[in-house]
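Per Swiss-Prot, the features are:
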- CYS4-CYS18: disulfide bond (DISULFID)
- CYS11-CYS24: disulfide bond (DISULFID)
- CYS17-CYS29: disulfide bond (DISULFID)
Amino acid sequence: LLACLFGNGRCSSNRDCCELTPVCKRGSCVSSGPGLVGGILGGIL
């Protein structure tokens, strides 16, 4: 659950990801929304 919350979940498609990080990008779940979390995750990945 923590891995999912922090966007570290491995994925092959968006449906493998959780609500807070619903988009699969380069094999990892990331946030698709605007704001601090999305910006940080987007910057790292």
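Every residue gets a Cβ built from N, Cα and C, even glycine.
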I'd like to know which of the disulfide-bonded residues CYS11, CYS29 has the most other Cβ atoms within 10 Å of its Cβ.
CYS29
Tell me whether CYS17 (disulfide bond) sits in a helix, a strand or coil according to DSSP.
coil
Ranked by the number of other Cβ atoms within 10 Å of their own Cβ, which of the disulfide-bonded residues CYS17, CYS18, CYS24 ranks first?
CYS17
In whole Å, how far does the CA atom of CYS11 (disulfide bond) lie from that of CYS18 (disulfide bond)?
10
If you measure CYS29 (disulfide bond) to CYS18 (disulfide bond) at Cα, how many Å is it?
8
In whole Å, note down how far the CA of CYS24 (disulfide bond) lies from the CA of CYS17 (disulfide bond).
7
If one measures from the C-alpha of CYS18 (disulfide bond) to the C-alpha of CYS24 (disulfide bond), what distance in angstrom results, rounded to a whole number?
10
